[in-house]
Structure formats: structure tokens, C-alpha cells
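Take a look at the structure set out below.
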Protein chains: 2
Amino acid sequence: MIFLKLVVQKYGGSSLASIERIKKITEKIVKTVKNGKKLIVVVSAMGKTTDKLVFLARRLSEKPNPRELDMLLSCGEQISAALLSIYLDRIGMKAVSLNAFQARILTTSDFNSARIKDIDDRKLRSLAFHNDVLLVTGFQGINENDELTTLGRGGSDTSAVAIAAKLGTICEIYSDVAGIYTTDPRIFPQAKKLSYITYDEMLEFSALGARVLHSRSVEIAKKYSVPIYCASSFSNEEGTWVMGKLPEWLERPVVTGATIEKNQVKVSVYSLKNSKATADVFRELAEKGFNVDMISLVSNSGDINLSFTIVESNSVDVQKAMRDLDCEIKITGGFSKVSIIGLGMKYQRGVAAKFFEVLRKKNIEPEMITTSEIKISCLVHEDKAEDLLKELCQVFGL
Amino acid sequence: MIFLKLVVQKYGGSSLASIERIKKITEKIVKTVKNGKKLIVVVSAMGKTTDKLVFLARRLSEKPNPRELDMLLSCGEQISAALLSIYLDRIGMKAVSLNAFQARILTTSDFNSARIKDIDDRKLRSLAFHNDVLLVTGFQGINENDELTTLGRGGSDTSAVAIAAKLGTICEIYSDVAGIYTTDPRIFPQAKKLSYITYDEMLEFSALGARVLHSRSVEIAKKYSVPIYCASSFSNEEGTWVMGKLPEWLERPVVTGATIEKNQVKVSVYSLKNSKATADVFRELAEKGFNVDMISLVSNSGDINLSFTIVESNSVDVQKAMRDLDCEIKITGGFSKVSIIGLGMKYQRGVAAKFFEVLRKKNIEPEMITTSEIKISCLVHEDKAEDLLKELCQVFGL
């Protein structure tokens, strides 16, 4: 096998939203090639293309056939791959675009939420050898019957990291966000950009709505130790490395970041007789496909007190789904979830105490609190949430 | 092999131009399925999609890389196939969309103007057996390296007829035109719709710009004896059959139709020394990819008088191409070509005489006249052309 200096880069939809932006991102691509690298560029669909295609499909059917929806949606990335390739060719690069058939990105048959099973790295290596840049359609794959599948929203990150994993290279993710920040700068303008973050911390960030990286892509990166570099498509500003371990010389902060997730609904369940009844609740919800987030359960000599959160858009359906169960429920909306995340919480005590001190000082009554090894999440009324986040950022120096 | 009552239908871009139209054309599809048929529906891109994609590509490159352009353009048909499939699924039909990879439409590698080499009819038959309707993307194919190709503008007709040829079925072509007319009804409103027309007549019609059927599709239909039925997508009005032979009982008209082709340019070549020099002219033009239409040559004892027509958009390039040849040329624009076509001309004399009589009566000076077995074409000044066409329609009862 010939040794190629391969790099995988991924460009998000907003970086490809217009002809001008498509031209602009090639600056980074050309620079990488001029540095002697062979490039595999994974692209998302241009701007709002996927939304527009979904909108067309919904006008024809409330629940579009999943296989056919994937046939439809996969066109978005093929259009941006071809356009980018046309421009690279125009400016003298040897560029070839590949869709999921051509790159042989094999997935499961779960239309709309397929998982990558394998990628033909020999074909990619051979094509990379003969060209400067391969443009590969993100977000999509094919199953064993050559049917098109898609990986779910944000799946292009997953495509890029999976290709990098298979080729043993790093993965650069470029978007309109210049890296990973300690918290959302729109809420807390003093938020700092992180130079490094671990996979585990990033997984909590993604799940909590930081939305810079699709969480499945981070899982794959973690599994195969793929270093991810997140940065801006249009500037040369330093971005953020997502890795397994922070560099040794780095002073490890206790709390790495804070997040806020809005539109949370709290479901409280009463009169549950035993743990079998509790299991029934979650089995019922899982079977109907609902995502349950925070779960809090306290049992006092047979008196089970269960609460969990769901997203607002599911609340009517969850109410229906639980109608057949032998329990009383109460659904209350208007909450936000505020969380702090940090690998350092594993090693340093007193973080929870500090957190409660902030709540007391701000006179905020928490509706629910859950914790993991590297995270504390707190459900509060939405009109208190931003204030809490800002105070937490102050206290933990974010 | 199981016997299936297979029918191929093709719907043009304007019949798929909106969500409402997509819903509307399914009426014909459902009716065909309810009549016990298995349907293969070949689709074009929605409305002006292909033009829009070409426009995007041109903003990135004056001459987009042909391979990449085909990657781009093939998305148009995939979108319409998926959308139509989504709606058919919604109204209870078993429908599956297939792109060129999935239908295994193998072509040559001539990007932008590929020719179909083979189609996997076993796969189509097997899928047709298990479904009500297969939606197949027209206009595209794959070469032996699994690269996407396209067949050139209007290529969806070719896809449909090629599939019908391979499966041994008839091919129904639906568009916003209700059939083949004796002449353009916009110019001569009394034009009649034909019930039948032969392949040879239709080939002359297509080449002369009647634009109802792509001429290559008629060539394939003729070669494999595929009956084509052209009719309106949205009405049940009788359309036109295009076949090898007219039915025996049909009274054969001498002239079947008349056409007009605008924007013609006449090239006159002087000082050609011999037939080698003439051959050089046409070889030069062919190598540069120009289409020469009418050719008229008269040689009087070594004095060669050559004229031919080209389309207006080529006139500057043709002038350049001929600069290196040892001859004088004169290029004059502002002409139209008016033709009458009819298989009956083979058997009945005096058609040319009638034609010249019309020219004399209308006081029109022809610039060039060429004839084939079933056609007479005449180049005239464009301001006389419509008048000539109308008079010819009157005289030949079109």
C-alpha cells in the first residue's frame, strides 16, 4: 500500500449555502493540497436544501415512505459535491465527486437513521492517489441491496469521522462556528473557545444541544481514536481539538463548559405500585420511540416518586402513549435544562456544593437534578435558566 | 420467466413541475395499475430543475467538467422519482424508485451525451413483480466504472423507449402536448392531431424541431419495433401512435405534416478547388463538433458551388473554424427552414411541383431547397416563413 498524506475535511451546509461560499471554502482546500496532502472532502447539502426537500415530501405525504425519503434527501449532498468539484476543476485541481454508491459507504437498512457498517477504503485510497481532492457526499450510504440510506440529521459529521477512522487520518470539521466554546456565546458573550476537549466531554456537549458536532460522530471518533479538529470554514483562527486525552502540559479545568437546553417538559408519574410498573412506563415509551432525557426516581417504602423530562414537541404523544398504563401522570412545560460538564469533576470534590450554592444565591428552585461522572444537570423554570447559566459561567470561570 | 403485463410510461418535466401536478399525474398511473398492469414509470426532472442546476454550474465554471456536470444533473430525476414514489405510497400503491445505479442502466462513458448499452431487465422484471409501480430516473445511466452519465437534453424519452425495448413492451410518453400535430398549432391553429405516424416521418419531425419526442428515442423505437404512444399527461384525449407501419385500413395521406425551424444561418463557400477541398470543409466542421443541416452542392465543370445551413448560435465559431481552410466563405443569417414530411411522397408524384407552385403563388424566393425520400425542405427569409407554412398546410390539407 502506498503511503499517502491523507486528510479528511468536512464542510457543513451553511459553508456551502451559496456559489460565493462554495468558491470561498476552496481556499482552505487548495492550501491543504499545496501543503502536499491528499484530501477527502465530505460535504453536507447546501444551506437549507434538506429542509426544502423534506418540505416537498411532506406536501405529498404526512409520513413519507422512509426508503423513498432517503432517495430524495441524498440528492442534496450530491449536488453540493458536484458543484464543489466543478469549481475545483475550474481552478486547476484534480477533483472527483463520489456519491454513496461510488464511495461504497455500506450501512444498515434503517432508512432515515442508518448506521455505517463499512467503507471501501481501498477504492478511496486508489482514487485519492490519482487525484488531488475527492468530494464525498456526507449523510448517506447504501445498504446491501444497493438502496440509498441516510444517517439522520447531522449525519455528515458521522460520514467524515467514519471515513477518517477507516483511513487512519485526522478529521477536520469546518462550519460557521469557530470551535467549541465553554458555553453559548449568544447567551454569555465572555464565553471562551476551548483549545482541547475530550471525547467524553464533547459527547455530553453534543447531547445537550451544543450542536457543533453530531454526537454519533464523536462516539465513532472515540472508538477509533480519530482526532477531530473543529474550526471556522472561512477564517484561519485556531479551532478546537477533540481528542481522547488532553495534552499533559495542559492545566485541567474542573468544569469545561456549560450548556442550556430549552423547551423541556417534565412528566411526573404517581401511583406506581412497584418497579415492574416503572419498567412498563419506560418500555412503553421506548417502543413508541420517545426519547426520555433526565430521570429522577425516589422510592420511600413502596411509595415511588418518578419524574422524567421529554422535549415539548412530544408531550401530546407521550400523554396518549401513557393513557393505557395504570398510573396517574402530570405533564408540565416551560422548563430549561442547565448543565455543567467537565472531566475534572471526576477528580475534584465540591463541584455539586458550588452548584447548589449558586442556586441558593440566585434563589432558584430546581425542579429536578441529575448527575453523571462528568456532568450536573438541573431543570429550572425557563425564565430563570439564562441567569443561572451566566452565574455558573462566572463561578466556574468559563 | 413469469409473464407480467408490463407497460412503460414516461412523464415529462412540465408534467412534474409542481406538487399539484405530481399528484395529478398519479390518476393515470393508478388507472393503469387498476387495469391489471405492472408499470415502469420513467421521469424527467421537475419543471426547470435541469436548467437551474446548469445555471449553478455555469456560475462556477464556464465549461463545467463533463463528469461532474453529470453528477449534478442526475439529481433532478432522482428528486422527481422519489417524490412521485412518496405520493404513490401515500395513496396505497406499492411503489419503488430506482436511480441509474439501481436500475443498472449501462451507458458509454461519453459524459453529457452518453448512449445506452444495456439495461438489467431481470432486475426490473423482478422488482416489477413485487411492486405495482417502479419509478425510474430518466436521462441518466452509469458507465462501467460506476460513474454517472447523462444522455443529453431530452434523454428521458430515450431512457423510456430503451427500457420498453429491453422489456418488449409499449412505451407511453406523456407531456403537456396531446400528441403529434400536422404542424405547430401556435402558427396554424387549424392543425390536426394525427392518430398514427411512422417512425421515419417522426424522425424527420423530431429533427426539424417538433420537439415532442427526442429523435434518438425514435431511432431506438424503430430499431426494436417499440410502439410509442404520445398523449397528454392530464387529459384522456386520444393521442398519437408512432409505429413502423400505419394500420392497413388507414387512408395514407401524401403529406403528414409540416414544420418550421427558425434561426437558420446560411454558409456559402466559394473557390473550392475539388471534392477533396469540399471534404476538408465538412471534416473540419465535424471535428469541431458542429452540426451541419441542409447541404446543397452544384458543380459545373470544376466550379463548385457549396452552401449549407447551421444554427445561429454556432455562426461565430463556424467562421473561426473555417479560417484555416483555403476558401472564401459568406455567412448570412435571418432564415427559417420550412419543410413538409410524408411517407406518401415516396409513392405519389407531383408533390415537389405543388410545393414550387406555392412558392410562386406567394412570391417567395427560396434560398436553398433540399429533399429526401419523405421530405422537402426550403430555406426562406424568416419574415416569409410562417406565411409559407400556412399556405402549405392549406394546400396539403394538414
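The backbone N, Cα and C atoms fix where each Cβ goes, and this holds for glycine too.
All annotation found in TrEMBL is predicted automatically rather than curated by experts.
Annotated features in TrEMBL:
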type    : residues                                               : note
BINDING : B:Lys10, B:Tyr11, B:Gly12, B:Gly13, B:Tyr181, B:Arg186 : ATP binding site
BINDING : B:Thr50, B:Glu77                                       : substrate binding site
DOMAIN  : B:340-398                                              : domain 'ACT'
Worksheet item: Looking only at Cβ atoms, how many others are within 10 Å of the one on B:Lys10 (ATP binding site)?
Response: 30
Discussion item. Give me the long-range Cβ neighbours of B:Gly13 (ATP binding site): same chain, 6+ apart, Cβ under 8 Å, in sequence order.
Written reply: B:Ser44, B:Ala45, B:Met46, B:Gly47, B:Lys48, B:Thr49, B:Thr50
Worksheet, complete the sentence: DSSP output for B:Gly13 (ATP binding site) maps to helix
Worksheet item: Hey, what's the Cβ neighbour count for B:Tyr11 (ATP binding site) at 10 Å?
Response: 27
Worksheet item: Just the number: how many Å between the Cα atoms of B:Gly12 (ATP binding site) and B:Glu77 (substrate binding site)?
Response: 10
Worksheet item: Which of the listed binding-site residues (B:Gly12, B:Thr50, B:Glu77, B:Tyr181, B:Arg186) has the least company, meaning the fewest other Cβ atoms within 10 Å of its Cβ?
Response: B:Arg186
Response to the item:
Students should find that the Cα atoms of B:Arg186 (ATP binding site) and B:Glu77 (substrate binding site) sit apart, in Å rounded to an integer, by 29
Fill in: Alpha-carbon spacing, B:Tyr181 (ATP binding site) to B:Glu77 (substrate binding site), which is rounded to whole Å
28
Item to complete: Round to a whole number and give the Cα-to-Cα distance in Å for the pair B:Glu77 (substrate binding site) and B:Tyr11 (ATP binding site).
Response: 11
Discussion item. Need one number: mean pLDDT over the domain 'ACT' (B:340-398).
Written reply: 86
Worksheet entry | Residue distribution over DSSP helix, strand and coil in the domain 'ACT' (B:340-398) | 30 helix, 14 strand, 15 coil
